Amino acid sequence: MEPTPASTQEETLPEDSPPNSHPPPGYYLTNQFPPLTSTSNSTYRYPTLTAFLHQLNLYQYHNLFVEAGVGENDLEQFIGFDESELKEVLSAISMKPFHSAAFKKGIRELRQTLSASPSSMMTNHSTTSFTSFSSPPLEPNNRKLNKVGETTDISYPMRDKASMVMETPPMKVSPNRTGAEESAGSPMHEIQEYSVTAMQDVHPISSTIPSSITNSAQTTSKDVIIHHATIYGKNNPRKLTTYEQAINHAAIELALLDPALVANKGTLFEKAKEKLLLEGYTYKRGQSRSKLNPNAPKPGVKTSRASLIQKRNAHAAQNSESRNARISELERKLQVKDTQYAVTQEFKRLKTGDADSLEKVELTLEEVEKERAEIAKELSILKSKERKHRWYEQKKKERMDSGFEEADVESLNNNNNEL
């Protein structure tokens, strides 16, 4: 008996089929859907030990694994090991700490890969079970295709006798079709059409991906604005001054609020200086010399000599005051060090018979003597400056008492320098 063509198998199937007959390839009765849970994970091919070690660049441990009793196909057992068991095996192999961490990471990633793709493994298992499933007897008036909610796994022989799994939407066969309609819309014809549709199906992207892309774009845009808004040190690795750092910070804040300012660095720089001035930035010379500061000295306008003299005298008096305070502090420290040195000398005299104590005392004396020398040196410099300042103030007072103004003395000195 010759096989019936696939396009007319359903129509020519006799009503009184033998009890042991099987449905045509690709067809399953409503009570013949094979259980998917009866299969095991044995159909999944784990990588061999050699391939796994090559992938992790740890092949130098291959012989040690073999000597420890690990076979080429024993990687599946590593997947089931917990952390303590895995650590025990790696310690027996004498693996270096970094390589041990890399091996454990590879096992974790392989375990996550297996747990993250159960659907693909289930499809392979269902295909295997379909090909080896023995159907129950065919009953009359029960020759319709099995309908599944969303997808149906159908296996049929190809030219290379390999099984192929295709996703197909639910199919309905109308019982009132004519011969031409049934030939054109036969089950195999619909399977071929729906298989192409399933191949071209595009699943929607997860809603988390657009948000991550948006966050990445925002971060990139912010980094670009910061890069272009930086005024000082963008192309120079030198250490920036406090003022330059403040200008950069102000410029970046302004550019993030209005990115259009990046197109004009001059305007951005002026606005950054204005921002520092309004926020009360403490300048090194007391105030900003920018044109934005109304109190800044104007170019071409000389300050009066009297104001310069007054400013210089105030500065000298301030320096003298801070210098005297430092001198008093150093004298107090020097007195403390002198007392400490004397006490240490007395302790050394009492411990003449103890070698260990004498060694410690000698080290203490050297340290105290070094500190005394540093304090005395700084104190000498400050006292010299203070004597010079007092001498200058004394001479200035004598000139003032004799009727000479300080401005006249300076003009005479300038004339002598010109001659």
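Each Cβ is built from the backbone N, Cα and C atoms, and glycine gets one as well.
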- Message: For the feature region 'Disordered' as recorded in TrEMBL, pick the matching range from 280-307, 392-419.
- Response: 392-419
- Task: Kindly state the mean pLDDT of the domain 'Nab N-terminal' (49-111) in the predicted structure.
- Result: 84
- Message: For the coiled coil (358-385), give me same-chain residues lying six or more residues beyond its boundaries with a C-beta closer than 8 angstroms to one of its C-beta atoms, as numbers and ranges.
- Response: 323, 326-327, 330-331, 333-334, 337-338, 340-341, 344-345, 347-348, 351-352
